[in-house]
Amino acid sequence: MNIVILAAGTGKRMRSALPKVLHPLAGRPLLSHVIDTARTLQPSRLVVVVGHGAEQVKAAVAAPDVQFAVQAEQLGTGHAVRQALPLLDPAQPTLVLYGDVPLTRASTLQRLVDAARDGRYGILTVTLDDPTGYGRIVRDASGFVTRIVEQKDASPEELKIAEINTGIIVTPTAQLSMWLGALKNENAQGEYYLTDVVELAIEAGFEVVTSQPDDEWETLGVNSKAQLAELERIHQRNVADALLVDGVTLADPARVDVRGTLRCGRDVSIDVNCVFEGNVTIADNVTIGANCVIRNASVGAGTRIDAFTHIDGAELGANTVIGPYARLRPGAQLADEAHVGNFVEVKNAVIGHGSKANHLTYIGDADIGARVNIGAGTITCNYDGANKFRTVIEDDVFVGSDTQLVAPVRVGRGVTIAAGTTIWKDVAEGVLALNEKTQTAKSGYVRPVKKKS
């Protein structure tokens, strides 16, 4: 089977410099969703017709299995499909999809393909309570499809028809070239409509069949930011429903967003306003507090992530405790039972088994062993303005509050670092490290008093 995806439109109503098919739905371009669905049908040829912003669209979705045809002028859907003909296998049927219709299920498309076997012409239709704006399916007294009429060209009687054309079709490819060549642009838009091919197929004696999706929203397209927002919410609700079916507890299914792939184990609980981006894996018995953002991360079993935590590109072991208000940046690796508390940032660092950094700390480019305590206000000074350096803290080290570790530096096993110490040299195992200071008390000191006006 050939699949052609039309993605050449300008999208004027989006009021954006970004090509319409590249606007994100759940964090990925609309067109990417359509291509992914198309791939599940295992086409022999997959062709995307580009036009407006062609190079930008190509760059966004380029892949070995995707070919591109260019529609230099936007002269209608029939003209767009014509540009793809040289890339198609004429011996295989062609399924036509749209780059701005991202939610159609693969099963819906497969039913249409099955209905159109043996050289039939298939149309995906929907019956709507309000069909305003859509092309109508015109049938004869026996119920056979005779033509499709666009809203702007429909008569008053035809406007009463509730069954509409979604634009998604399956057609014999060998005849499609001839039919497209016979199209005329004698309509209100002055365009070559793909919908007019159905009349030519009927005239040629081809049987026209129809199929409908399980849900109306499967064929909704995007022509404005309002419609994009509507589809986003539909998609997110579908994702939430799937999570609930899998046993995930969602405090409010309407207030969780998944912008990528989220895989959850058993007994996972997610509070409100959480966002998951990229590829996220969550093991069993994980609790996630409100307003967390988790991106491209893996979370070990039994972990608790408290509210307002941001995790990006991190790996969390089992039974870790994170947050609230913690930030784990790319390269953060936490071993089992590690704790990272409020206003702690970890970047490109390993924190060992049972180690804790509970308050107001920056750990960057560091290797921290097991059972290490990092006091509040500790900073690994990893950057000299040009280069990054690593800090190594071995097992069982106690780091007092307000400590600065100036990398590159190594702190040996079992060291105790006194509060307020700056470490700029390696520290041997088992010692107390401190910067000796003198505390002075001056008698007779008078605190300044603010003058009253």
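Using N, Cα and C of the backbone, Cβ positions are placed for all residues, glycine too.
Remember, it's a predicted structure, so these values are computed and weren't measured experimentally.
Feature annotations, courtesy of Swiss-Prot:
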REGION    1-225  region 'Pyrophosphorylase'
BINDING   6-9, LYS20, GLN71, 76-77, 98-100, GLY135, GLU150, ASN165, ASN223, ARG329, LYS347, TYR362, ASN373  UDP-N-acetyl-alpha-D-glucosamine binding site
BINDING   ASP100, ASN223  Mg(2+) binding site
REGION    226-246  region 'Linker'
REGION    247-453  region 'N-acetyltransferase'
ACT_SITE  HIS359  active site, proton acceptor
BINDING   ALA376, ASN382, TYR383, SER401, ALA419  acetyl-CoA binding site
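Where Swiss-Prot records a feature, it is marked here on the structure.
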| residue | record | Cβ contacts under 8 Å, 6 or more apart |
| --- | --- | --- |
| GLY76 | UDP-N-acetyl-alpha-D-glucosamine binding site | ASN185, GLN189, GLU191, TYR192, TYR193, LEU194 |
| GLY99 | UDP-N-acetyl-alpha-D-glucosamine binding site | ILE5, LEU6, ALA7, GLY9, LYS20, VAL21, LEU30, LEU31, VAL34, VAL48 |
| ASP100 | Mg(2+) binding site | ALA7, GLY9, GLY11, LYS20, VAL21, LEU30, LEU31, GLY221, VAL222, ASN223 |
| GLU150 | UDP-N-acetyl-alpha-D-glucosamine binding site | GLY135, ASN187, ALA188, GLN189, TYR193, THR195 |
| ARG329 | UDP-N-acetyl-alpha-D-glucosamine binding site | ASP312, GLY313, ALA314, GLU345, VAL346, LYS347, ASN348 |
| HIS359 | active site, proton acceptor | GLY341, ASN342, PHE343, VAL344, GLY375, ALA376, GLY377 |
| TYR383 | acetyl-CoA binding site | GLY364, PHE389 |
| SER401 | acetyl-CoA binding site | GLY375, ALA376, GLY377, THR378, ALA419, GLY420 |
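Outside the region 'Linker' (226-246), and at least 6 residues removed from its termini, the chain residues within Cβ reach (under 8 Å) are 14, 23, 25-26, 102-103, 217, 220, 253-254, 256-258, 262, 264, 270. For the acetyl-CoA site listed in the record, the two most distant Cα atoms among ALA376, ASN382, TYR383, SER401, ALA419 lie 22 Å apart.
Here the binding-site residues are LEU6, ALA376, ALA419, and the one whose Cβ sees the fewest other Cβ atoms within 10 Å is ALA419. In the three-state DSSP reading, SER401 (acetyl-CoA binding site) counts as coil. Listed in sequence order, GLY364, ASP365, ALA366, LYS388, PHE389, ARG390, THR391, ALA407 are the same-chain residues at least 6 apart in sequence whose CB falls under 8 Å from the CB of ASN382 (acetyl-CoA binding site).
Least packed by the Cβ count within 10 Å, out of the binding-site residues ASN223, ASN373, is ASN223. In the region 'Linker' (226-246), helix, strand and coil residues by DSSP number 20 helix, 0 strand, 1 coil.
Looking at the region 'Linker' (226-246) alone, the prediction's average pLDDT is 98.
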